[in-house]
């Protein structure tokens, strides 16, 4: 049974939380053992990974998610403990999620912007270790700078990952900018190979390379590269990290945009291949107004990746999801959004088997808006008057209380499952 820790919530939020608790006491059958990995009779699980030499903990993470997804959908949040609207420290001990519901996200998202120099989003090693110590799952996306223009930075987005100058071909072996890409990968590998817990064991990471490649806003997008060129970039990067740099604690994720024509053929057009991918995902953002069609599309895409993952021995996820940024930044909201999302997913026999969904960050000062203003940029409703009064905090708390969502305390034995690996 999952309850909201009301001691940390203001009076209005406590009222809703107490209502949720009362419902639970009167018979809400929340799964007390949603993490089946905590059962005492667990037998070794056979896994086949991109890296046949992956660490025991990395293999266990994969096996855990394969089983966990049959029982619940884990909640993830980018910059869970390093950015927020209600936190006073960014040392990995506080989060907006925790302040809203009394628990951390199960999946903690970060990015190479905290790994590759100049670490624009701040170093995260200590925070990752804290998340891992409490049994959380770590995922890292890759906003690599444009290798072709990274020395020309000045006016945004020149030189960043959002610089749409085509650079895929020039970043591959034989290309003029391959050494630049290798430099990024070298820093990722050094970070991964030194990311260890207190016992000196490597901490597993779901590494999400070159996401949203079916759009055209990154230098690796569909207008910047052919499907074959993109596949070569993805494969090269995995091979370099795994075989050249000896990274043994990565699961590799592939995450295009959602498709409106939801077919396996469309998903596979730029897919690097089963040999190179452990996790199948997709990224999707939708409107506040008239969003019924978008929610149906989310379910359709989730069902597709779940079926494909089942057939291919992979893990299906929604790697990014949320209200589109322009609506958030305009101050628009949907105080049923989280409930619509979980209701739609769990009602579909395939979509309900995604392992996790992840929403984007809660920028503490927002982002630059028109005429020198700062506008909102957050995806987890915070425990503050604005979100209490507009009903979005209540919506998120209802999502938390749903029997089919899993947060940090709901998952156990993530890294202790016995496994046998297929080579």
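Any Cβ shown, glycine's included, is placed from N, Cα and C.
Straight from Swiss-Prot, the features:
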type	residues	note
ACT_SITE	212	active site, proton donor
ACT_SITE	320	active site, nucleophile
BINDING	121, 143, 162, 217, 285, 360, 361, 377	substrate binding site
DOMAIN	56-409	domain 'GH26'
SIGNAL	1-27	signal peptide
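Around residue 285 (substrate binding site), the same-chain residues at least 6 positions away in sequence with a Cβ under 8 Å from its Cβ are 320, 321, 322, 323, 324, 325. In this structure, the recorded positions 121, 212 were compared by how many other Cβ atoms lie within 10 Å of their Cβ, and the smallest count belongs to 121. Compared over the binding-site residues 162, 217, 360, the count of CB atoms lying within 10 A of a residue's CB peaks at 360. Mean predicted confidence for the domain 'GH26' (56-409): the pLDDT average there is 99. Using a 10 Å Cβ-Cβ cutoff, residue 143 (substrate binding site) registers 17 neighbours.
Separation of the C-alpha atoms of residue 212 (active site, proton donor) and residue 361 (substrate binding site): 17 Å, rounded to the nearest whole number.
All protein chains included, residue 377 (substrate binding site) registers 19 other Cβ atoms within 10 Å of its own Cβ. For residue 361 (substrate binding site), the count of additional Cβ atoms within 10 Å of its Cβ stands at 21 [all protein chains shown]. In this structure the residues listed as binding substrate are 121, 143, 162, 217, 285, 360, 361, 377; their two most distant Cα atoms lie 22 Å apart.
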